[in-house]
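Colleague: As annotated by Swiss-Prot, domain 'Core-binding (CB)' applies to 48-134. If you look up Swiss-Prot, you'll see 163-346 marked as domain 'Tyr recombinase'. The active site annotation in Swiss-Prot covers ARG205, LYS231, HIS298, ARG301, HIS324. According to Swiss-Prot, the feature active site, O-(3'-phospho-DNA)-tyrosine intermediate maps to TYR333.
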Amino acid sequence: MKYPLDCEENFEKSFLFWLAKYVKFKLNSLSNKELKNPQALAEVNFALTKGVKNIDELDALAKKARNAGLSGVNTYFNPLKKVFEYLNFYKLYSLKQIDEELIVEVLASITGALSDASKKNYRIAVINFFDFLDKQNEEDEKAHIFDINLKNWAGIAGSKGVKLPEFMSKEELKKFLDAIENADFKNNTIRNKLIIKIIIFTGIRVSEAINIKMGDISEENDLYIIRIRAKGNKYRVVMIKKELIYDLLKNVSINYISKDALLFVNKKGTPLTQSYVSRIVEQLLFRAGIRKQKNGAHMLRHTFATLLYKKQKDLVLVQEALGHASLNTSRIYTHFDNDKLKLAAQVAKELSDS
């Protein structure tokens, strides 16, 4: 069903109406391969069909959908929430007043301090949202076309603006591992230690770790082989030395009867969330006295990849270990190769001496 663009009594309510429609559209078009709680998703869809009263209510529904397993919804909703809040300062009376020039002005204000990767997320979300509006609004058998493409938005610096990921040094990693050994998470100590160790020693994504099932783990001599459901419904395997997690895995597996059961769940039997795992990492970093700009669990993956490349100098190995589709994605970790920088400095000195 199509609706007039200015379907509510004022700009704010009309924009909120369309944003809720868009979120509902994304919930039912994004990949649901990681969906863990269909009932929760059904409840969110029902609530969106009834309509929301304010942006906070819509925010809560988006978070509920993410916790149900549709993590991609926040990639679209969070940037649009910021745009919505900022546009309200302009005191517009109609959505038809929005044009590309205004959107560029808004994005310049709210993304100035963000990385290029985050700016690209904003660009994708904004273009996708207004494309949705182009196709869904109709009044007197005509649609208002925004045609927002942001081709000339200068907010993204390109390849030279790549931001290097945060990672721990070997010394910091030792402190972090000591913090794991001494950590006390009450009834969740064994489970929490196990998931963090698997991530840091294999470099898998948090989304991959929380979806590991008992049946995904097999043994081969002194190794555990873990079958991972990766991006794009693809599968790969990672390996970890038994001695690193043997006791923890043995204690956790005692409580599992079915090999189809997820390894990491809470006391209600529902899967752990990515945000929960990141909070564990933040606590451990704090206890270890390690301060980083980004303290989330993804930093463990960057640490694994960086130290692996520094040790082996093998970019293909990093690509295979991390499950990157492209070698260019793995190339970011070569920026931390001080040996190459020292060699360049030596060559420069030799040139000056000649």
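Cβ atoms here come from the backbone N, Cα and C positions, even for glycine.
Please situate the listed features within the shown structure.
Modeller: Per-residue confidence over the domain 'Core-binding (CB)' (48-134) averages out at a pLDDT of 91.
Secondary structure at ARG205 (active site), as computed by DSSP, is coil. Cβ neighbour count for ARG205 (active site) (all protein chains, 10 Å cutoff from its Cβ): 19.
For the recorded site, HIS298 (active site), the DSSP three-state label reads helix.
The number of other CB atoms found within 10 A of the CB of ARG301 (active site), across every protein chain shown, is 22.
All protein chains included, HIS324 (active site) registers 18 other Cβ atoms within 10 Å of its own Cβ.
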Colleague: HIS298 (active site) to HIS324 (active site): how many Å between their Cα atoms?
Modeller: 15
Colleague: Around the Cβ of HIS298 (active site), how many other Cβ atoms lie within 10 Å? Please give the count over every shown protein chain.
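Modeller: Step by step: centre on the Cβ of HIS298 (active site), count other Cβ atoms within 10 Å, giving 19.
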